[in-house]
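Undergrad: Can you read through this structure? Questions will come right after.
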Amino acid sequence: ESAEVGTLVTRVNATDADEGLNSEVTYTVTNFIPPSGRDMISINPNTGEIHLTAALDFEEVNVFDFRIEARDRGTPPLSGHSKLVLEVLDVNDNAPEVWVTSLSVPVPEDAAVGTVVALLSVSDRDSGANGRVRCWVWPASPFGVEARLAGSYSLVLREALDRERVSEYEVEVRAEDGGAPALLGRLGVRVAVSDVNDNAPAFLQAVYTVLARENNAAGAELARLWARDPDEAGNGRVSYSVWEGGVGGGWRPASSYVSFEVRAVDAGEPPLCGNATVQLFVLDENDNAPALLPPAGSLPEAGGVAGEASLSSSSSVSESGSGTLWAWAAWGAPAGQVVAKIRAVDADSGYNAWLRYELWEPRGKGPFRVGLYSGEVSTARALDEADGPRQRLLIVVRDHGEPARSATATLSVSLLEAAEAALAAAAGSSPSSSRSALGVELGPGAASAATNVWLVVAICAVSSLFLLAVVLYGASRWAPRAAVLSGPGPTTLVCASEVGSWSYSQRHSRSLCVADGAGKSDLMVFSPNFPPPPPGPAAKDAQPEQPALLDT
């Protein structure tokens, strides 16, 4: 069928036994089967050569029948006939053809493996090996081709789909025949993947750290969070909420650190959600002035100890508070002796709560100074009477915030003799005395003096008792012996008290002291009861005499 136009197909030859014109033969084609063969060949009437006059097509007509007539030139002319069969040989000149008979798109991304996406038909007009076709999908994709019936194939899903990774595939189905050379047929198929709500919203971070200053206005933006949902349409539309985790509801108490979860939920069916933890750190602002504290170990009371003092807390915008501060110091106290200590606290944190203490009044070289960061009020030099009976100190407690806030305290220091100062400190430290509730502690010098006074008093008391015991012992040791009491007589009262009398009876004991010999100072006391009175009226005359004390 690939022979070119003009190709010599064959040559026919007829013989005639006559001579001359009777033997001259001419050739013609008289019959064509199929009729289209009339245009396919031509015959040379003199030589009998048959040539192609049109291209052959095996797929159209693969066999032609021709009737060839040979006629002489005699009178009358005689003819002979022959049948010519022209068989067209197949050539692999047709590529396979592929077309879609059924297509199911889009394909859900959660479609199962083996799902049929399309039905295909494949054909090749050639015959034999030239018409045998094999099919495949190019390039490699989640789809494949499976043969069903002769010339029928299925485009099926061989791998799971993910629309978020690939939302559409351009699939090319290729068909190749078995000819030499082989011919290839192609068909492109576009397969769209539909979305399924298979992705939960995801935050960029699992934990967000947010820094926010305190005292910000309600409704102020603290942070902006964003969750990504790769699904499309409603499956990817995200809404946000603060999730309390199902543990109660309402507002949580304010603090410098708050941790909560933000939940992002899409609008798919069923809805999917993602969570992120937000750690909110509240940054401190210097919005609290220093506050003075009561002395360590004391209870705040409305009143104070004798004397006059004042206390105030102040800042750039407010002033409040009042009270009493008092301290004692002894004349002659050396430099560096702590008289009192100012105690204060700031509710802020960091530098805003770092306090420093300054002596505001008196300025210059006064007898007292204040520790910059300890708040201890101590003597700057040795105290003398020229400093007067009382010193008034104005102390400022200031933080390191910006702007700085402060509190002021007025401390009155009474200058006394050493003994008076110690007694005053001891009286002020007793539990029954009034205590100042305004942040001052007595210095260790006053407390030490009070301890020394009580120690001296205790030593004197013990010594006095010891001397008294020695004197009594000596008097009892060398005193004259007592006489022997004998014979009958009235009952002698030995000791009397509000609970009764102790006495002895001469009828029972003849002697209260031992005879001469080893010295004894024992007192023998027997029955404490009186003898029963005699019966009759004589009992009235038997009353004992007025008891008398027995001297030893």
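From the backbone N, Cα and C atoms, a Cβ is placed for every residue, glycine too.
In case it helps, TrEMBL gives these features for our protein:
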- 1-98: domain 'Cadherin' (DOMAIN)
- 99-203: domain 'Cadherin' (DOMAIN)
- 204-292: domain 'Cadherin' (DOMAIN)
- 333-433: domain 'Cadherin' (DOMAIN)
- 453-475: transmembrane segment (TRANSMEM)
- 527-552: region 'Disordered' (REGION)
Undergrad: Give me the mean pLDDT over the domain 'Cadherin' (333-433), rounded to a whole number.
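TA: A mean pLDDT of 84 is what the predicted model shows over the domain 'Cadherin' (333-433).
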Undergrad: Just give the helix, strand and coil counts over the domain 'Cadherin' (99-203), going by DSSP.
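TA: Counts, helix then strand then coil: 4 helix, 55 strand, 46 coil.
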Undergrad: Quick check on the domain 'Cadherin' (1-98): DSSP residue counts for helix, strand, coil, in that order please.
TA: 9 helix, 41 strand, 48 coil
Undergrad: Determine how many residues of the domain 'Cadherin' (204-292) DSSP places in helix, in strand and in coil.
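TA: So the counts come to 4 helix, 38 strand, 47 coil.
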